[in-house]
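K.L.:
Take this structure first; my questions come after.
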Amino acid sequence: MNAPTTMTFFARFEADILSGRKTITIRDVSESHYVPGSVVQVSTLEEDRDFCRLEILAVEPILFQDLSDFHARQENMTLAELKTVIREIYPDDDQLYVITYRLVG
Ligand SMILES: CC(=O)Nc1ccn([C@@H]2O[C@H](CO)[C@@H](O)[C@H]2O)c(=O)n1
């Protein structure tokens, strides 16, 4: 599989990503093929509006049950909020992937 070159986020997370308060995203297997060291163009899911570029730093498997306050802090959420958000997006997936990134200019 080729390394993906784009990533989408819900627009409501844009400000947290641009300010550096949100430094990970948690995705299912279909979005786990990002390659550390690659740079992806990021846009909003709703309007496909480009808003930054991110360098992928790491992609690590995580089980839903193993999500912790550590992950929540990196999402700028409480653990309860994070679990609710993930269950809204991925109702049935227990195998998830933590994608760590940093903003590039
Ligand atoms: C737009 C799209 O295709 N998919 C997703 C999937 C997830 N997320 C966010 O990542 C974190 C963990 O899942 C939470 O902050 C989620 O809301 C997102 O913004 N967009």
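Even glycines carry a Cβ here, placed using N, Cα and C.
Whatever TrEMBL says is automated annotation, not expert-curated.
TrEMBL lists Lys22 with the feature active site, proton acceptor. Summarising the annotation, TrEMBL assigns active site, nucleophile to Thr25. Here TrEMBL flags Glu75 as active site, proton donor. Here TrEMBL flags 7-105 as domain 'ASCH'.
For each feature listed, report its degree of burial, its nearest neighbours and the pertinent distances within the displayed model.
P.N.:
If you draw a 10 Å sphere around the CB of Lys22 (active site, proton acceptor), it holds 18 other CB atoms from the protein chains shown.
Sequence-distant neighbours of Thr25 (active site, nucleophile): residues of the same chain at least 6 apart with a C-beta under 8 Å from its C-beta are Met7, Phe9, Glu75, Val98, Ile99, Tyr101.
Packing around Glu75 (active site, proton donor) is summarised by its Cβ count: 22 other Cβ atoms lie within 10 angstroms of its Cβ, all protein chains included.
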